[in-house]
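Feature annotations, reproduced from TrEMBL:
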- A:270, A:274, A:300: Zn(2+) binding site (BINDING)
- A:271: active site, proton donor/acceptor (ACT_SITE)
């Protein structure tokens, strides 16, 4: 590398570090707003966030960035760069192009629209009035179509352009195949479960669980699985989330319900799954855009793995049950380990995705995926969504929401302008099952380790294979390197059938 | 005003708002670092703070700012501006000139020096070794002299340039007169107290006070005096502080000692005094540099007023004593109101300023003031400080610290490069007594209100006369408008003599 190139690389890395510093600061401002800030300070805080976001955006789309990308992104130069710089250039170029290809005015209109749409959606949901939201959603879909035009498309399916925002490389072709397998087997499984006379007794889970004790037990479990409280913290918020400022400071939030044991603990484990991914990213990637999960789907694979495949597994509770009984002796008096295990894995077709169980969850996601695909490809109209929603609910889950509030209006994603995001929730489950399958082969005494509460080998495996790489490897590269094959829903199906055949004695 | 001038004003206000947004964001990042952030995230956080601080500094010293100030600061234009914009221009100009007059390289060297000096000072204090710190302090004093040269001086006393940083308009001439009065009377008072046979019994204050109960009682008191928890919050930190992001979000911190009732409660009231100042600044000043206390001395007048003149007064505890007894029945069993009141006002000459009582506190400050003046005017040498310190302690307080750790090495201010700051602590007491004197005349049934726990008239008075103005009025303007005279230590002396003659039955 010539000295002049070295200087340019160093200047580029400084420039990227500055952008990353803005992002970290903004993440702190957001976290504080959602967990700590007093009511009366919100308005000024929003303005501060707006100002710093605009500054960050200016840098990321600046002439200076363009010059760096032109120079360092030229193929010969790119090949000569160290891997971190090379991937940083590629990642910045992706963001730069996406931002540059949309006229500033169009984007501004979209921001205003989604901001209004979120407010209207809240009201529409409250009033069970889809017609209020409909014109906004129609405009939002139109914007998606414009974006696809600006960004370009692979010529196979318009929706691929949106999918790529959240799951780089994923296509409708792959997803359709994945979901076909998953849907068929899941619908059968749900039907079999419905007919099973062996229903779990869940009454213990809705006894009274004081919040302080739930909090203490949740922290105990998170420490046990390896969430590092010296590199994070847990607070309360209306909706649980995980946010990373840097690998040494990855925070999670939760909410407690005194009358529902199921609520907080598994949500905490879920968020800790996200957080452990971020905590274990290679520190060398700090202050680059690579210091992040590689995709929404891979991120979700980590949260769902820990929540369901570990946290809702029998070995886990075999090891943890005496601790649970010590923490809540009255609530679980006379409840056997087996009965508890079956209770936390109850399967019931229900209306709300976020409250649904491990089996039916993917059916909720598929309904959204099919609707999004239809809207983007022009085979569905926004006006028909309430009807289509309910038809699909009946077909897949055998239940029909009595209101749109409990149906098509339940999620904020579309109001916020997010299309292409939903499928990643199920991809997370698919990936998680693939990874777990390999772990069972590669990690000696896998189940015994979980039962003994020694999660170090699992965490080390995840760190080595997934976490450390951040965005240095694409989701596809990760999946292929780990499993020797592509994305494959068979493992998830097998896992679900085996687990729930046992629980429901099918 | 012409349209083109209007446009320039509007652009200037936007520019200033951007700078203010950086400052608010930085304040959140600092607060989070000192109260919330996990250990492992500190290093990256420091870098983020460094990057955003540099951006803020760049804006405040930019050519763009210079152009605004040249144009809007021209005397004819200035006179035509609305008052908020006019004061904003003047405030920005002050900061701009200060920053511009010091060569960037010199300032950079100073930042590095004080950063090293703080580390060395910590070690020197721990090892009781002044000689380790001496060369650093010598260099820091040299930098102060350079700064005075760069910034210019009024030709009367070099130290005035430094005083002006913290207390605009204050001079050595005024301070010498104020402190002469204060010193003479205080030394006499301390001597009389020492000889009094009527010592308070403080044993109840060091019983066991569980932290959760101290926390609850402190919050009860803060709500009572009018700290708005919907526009703030209270957290824990190693050293208590108050930080304002905007008037709707002014946070305080405290620390609790289970074996010392005196520690947290009065520190909470002190910080709440600072916070109520910031909470009551006119919202019109938001996003300008005027949205801040007008000087360190006036700020301290608010904290010391609430802490000592309200919080340690007899009427306050007359009204609050039954609440105290309910909160801590065992600890204060058999302790009369009078005995409690005398205990929380115990006067004992001691070595450490931050732990000293209301009477001796100002003597600690004077020692530092006289030393700073001597160093800046070349009549004292850094090498002689340990000796001089101890001589003055003996002369003013009648005690000699057994080590430099308990003497000249106790405060971080000099290591951090702050010269001219210490006097504002005593000025706060002086101002507070002046304001309290006027309040007693202007607010009907002043003492009865305090006793009844109705602090609204006092708060409204402070808001109207002081708080709302932010930096729109100088400290001198405030003092003169309120009291009809200049800074005058007589009121503080009278207050102290009266209060402590009563307590010690002199």
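Indices start at 1 and increase along the chain as displayed.
Heads up, the Cβ atoms here are built off N, Cα and C, so glycines get one too.
What you see is a predicted model, and the numbers here were worked out from it, not measured in a lab.
Take the mean position of the Cβ atoms of A:270, A:274, A:300, the recorded Zn(2+) site; other residues of that chain with a Cβ within 8 Å of it are A:242, A:271, A:273, A:299, A:302, A:303, A:304, A:306, A:307, A:428.
Note: the Cα of residue A:300 (Zn(2+) binding site) and the Cα of residue A:271 (active site, proton donor/acceptor) are spaced 10 Å from each other. Taking the Cβ of residue A:274 (Zn(2+) binding site) as centre and 10 Å as the limit, one finds 24 other Cβ atoms among all the protein chains shown. Taking the Cβ of residue A:271 (active site, proton donor/acceptor) as reference, residues of its chain lying under 8 Å away and at least six apart in sequence are, in sequence order, A:240, A:241, A:242, A:252, A:253, A:254, A:303.
Around the Cβ of residue A:270 (Zn(2+) binding site), the same chain contributes A:240, A:303, A:304, A:306, A:307, A:311, each under 8 angstroms and 6 or more positions distant in sequence.
Of all Cβ atoms in the protein chains displayed, 26 besides its own lie within 10 Å of the Cβ of residue A:300 (Zn(2+) binding site).
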